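So the structure is just underneath, and the comments pick up after that.
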């Protein structure tokens, strides 16, 4: 084994079904575009030693991509079919330098590095000529007929995905044979099975969808949420009440804090910033800065929302757990949720709020403190 795996990402199609003025692979997705996100996985994969990207001869966008000058990348002119594009890629290198070639649809941006490792490791262990990912069909399907459509057993069919890995010399021969015979090649596994080579499959992931229509972009985004957690704790002192989630609680305690001490909003803020990889609230509002003395925590949330908006992110949902012996949270739970929805600018249905105690253990159990643990999911805007 030469330990060299070649990757080919065909990108010469024009995506006519996508109904766009530019090829679909250059459409925006999250903070990047489809081709950038797809190629990035392979650039950062230690399994892949070289990446060839066949593009349309009239492509005006490829040179603008961040990866274009990456030493791992080679961009070539593709053909008028997938098979010809892949064959062009194989023809521009010495295939004797590689044992296997991995092919992947440029329009499948949700591919993970772990998937690349898995399919390569599996073909090496199975000693197959070709290996591809598949997913089962979960919906009813019908076969189109001239007279009437016929319902067929979905268990007899499955969806073929990429990446696919093939013995490089055998794929080269298989593509030449198919092209010489004017055979349409939908994917590399078909070319290989047509030649009678050993072709196997492994279960893929439903998140690895192929972008074909504009509405597919929204589905891709749903698989790209970002999660953050936050934790905050403040001690009690005798008092007449304190603020929790922007709601004032009338009780016999107040909070020891530099700001207004809203432990729930602080925990949420840290979770938001963490999900966006922006650090924590201490970076934006240090507690040794007198300007932050008695700071209204709603201002902290306002900053967090502004920061994630710059990244084209928004809150998908929040789940928070308040940990204290007193005061009792459940009787005022709905009021707190109403307050949070207003402050966070999200629907109440996206807010989970729970309360528990520490079973008389530790500083919280001795009724000397209150803490909040929060999880936040952010999603990219449409």
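Residue positions begin at 1 at the first shown residue.
Cβ coordinates are placed from backbone N, Cα and C, and glycine is handled just like the others.
Because TrEMBL annotations are produced automatically, they should be read as predictions rather than curated entries.
Taken from TrEMBL as is:
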DOMAIN    226-378  domain '2-C-methyl-D-erythritol 2,4-cyclodiphosphate synthase'
BINDING   232-234, 258-259, 280-282, 285-289, 356-359, 366  4-CDP-2-C-methyl-D-erythritol 2-phosphate binding site
BINDING   232, 234, 266  divalent metal cation binding site
SITE      258  site 'Transition state stabilizer'
SITE      357  site 'Transition state stabilizer'
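Distribution of TrEMBL features across the structure.
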residue: 232; record: 4-CDP-2-C-methyl-D-erythritol 2-phosphate binding site; DSSP (3 states): strand
residue: 258; record: 4-CDP-2-C-methyl-D-erythritol 2-phosphate binding site; DSSP (3 states): coil
residue: 266; record: divalent metal cation binding site; DSSP (3 states): helix
residue: 281; record: 4-CDP-2-C-methyl-D-erythritol 2-phosphate binding site; DSSP (3 states): helix
residue: 286; record: 4-CDP-2-C-methyl-D-erythritol 2-phosphate binding site; DSSP (3 states): coil
residue: 357; record: site 'Transition state stabilizer'; DSSP (3 states): coil
Neighbour count (Cβ, 10 Å) for residue 357 (site 'Transition state stabilizer'): 15
Sparsest-packed of the listed binding-site residues (232, 289) - C-beta count within 10 angstroms: 289
Spatial separation of residue 234 (divalent metal cation binding site) from residue 357 (site 'Transition state stabilizer') - C-alpha basis, Å: 15
C-alpha spacing of residue 234 (divalent metal cation binding site) relative to residue 286 (4-CDP-2-C-methyl-D-erythritol 2-phosphate binding site), in angstrom: 16
Shell of the divalent metal cation site beyond 232, 234, 266, same chain only (C-beta within 8 angstroms of their C-beta centre): 233, 257, 261, 262, 263, 264, 267, 371, 372
The one of 234, 258, 266 whose CB sees the fewest other CB atoms within 10 Å, among these binding-site residues: 258
Entry from the binding-site residues list 281, 286, 358 having the most other CB atoms no farther than 10 A: 281
Between residue 281 (4-CDP-2-C-methyl-D-erythritol 2-phosphate binding site) and residue 266 (divalent metal cation binding site): CA-CA distance (Å): 8
Cα-to-Cα gap, residue 358 (4-CDP-2-C-methyl-D-erythritol 2-phosphate binding site) vs residue 234 (divalent metal cation binding site), nearest whole Å: 15
